[in-house]
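Chemist: Dropping a structure here in structure tokens format, bear with me for questions.
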Amino acid sequence: MEIGSSSTVAGGGQLSVPPGFRFHPTEEELLYYYLKKKVSYEPIDLDVIREVDLNKLEPWELKEKCRIGSGPQNEWYFFSHKDKKYPTGTRTNRATAAGFWKATGRDKSIHLNSSKKIGLRKTLVFYTGRAPHGQKTEWIMHEYRLDDSENEIQEDGWVVCRVFKKKNHFRGFHQEQEQDHHHHHQYISTNNDHDHHHHIDSNSNNHSPLILHPLDHHHHHHHIGRQIHMPLHEFANTLSHGSMHLPQLFSPDSAAAAAAAAASAQPFVSPINTTDIECSQNLLRLTSNNNYGGDWSFLDKLLTTGNMNQQQQQQVQNHQAKCFGDLSNNDNNDQADHLGNNNGGSSSSPVNQRFPFHYLGNDANLLKFPK
């Protein structure tokens, strides 16, 4: 047994004890020492348990009425004399002004030294309101009564009680479980959404599936929508990507790189004529800075000379048609039809029309095969 530093005895006097001592008796001590002496009217050496009329006090009022010492206290002890609920009955009246105490469970036997039975413990819960309806509270009371074969204990005799407020561990654990369940359900929903979006993106792009991570869920959710529509304009983006890095027009070396880039894009575009690429390279070499100093007027003169040559050839053909008669005219018409079918209806020579470089003293093969 421990006693507080400054305790009030039943007679009203003050008891001086060393600081740090608390009143915390065991169940055996409550029954075999305190209650037995109380019933037998024997003096108690340290009488710190007060007598309380349980029907006139509420459980929250016992905190001040039954305080022992000045230190913190979470259990309150008192003696109570049980009253009959009915004059001719045996039931105990445990009602107060605000509620009532209701017994719960079965009585527990208390043994001395694990052998001799010395008493019983009844557990009661306080309800606010009136029986049988009431609101359950967290106030608990353990009521101890003697059960000795030598003494006949009446139902309306003395009892010693311990009142405390139940620590709501179960409610805190239940709330924690609800929070854990909520977080677990949210995590499952996130994973389900993650799997759903990953499945959509895998179907839209089988060659490069998108892998989602929980932290990047919002970013990839926006990226998935773009990936779904990617096949619709992938062809156009491929062509525009290649055109964004075209070399300069007047660089022969860059023209070769452009030809290689165009050749790599053949699965997406129509086939490119190799002869046209080679002729373009030769044209760039002729018009480069090394040969003509970057003067593009040369190309204008070249095209003008080609047009004049075509007009002269047309005049010669007309003169020959008049001289040689209908036979020559028919032959020229057949030749013109043949040239028109090959060149989209044009009657002029493709070599002279496209590349009239023979006036410069260059061979036509120069335009077909790169140096």
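Using N, Cα and C of the backbone, Cβ positions are placed for all residues, glycine too.
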Chemist: Could you tell me which of the ranges 8-62, 118-172, 283-337 is annotated in Swiss-Prot as DNA-binding region?
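Modeler: Result: 118-172 is the stretch Swiss-Prot calls DNA-binding region.
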Chemist: Mean pLDDT across the DNA-binding region (118-172), rounded to an integer, is what?
Modeler: 81
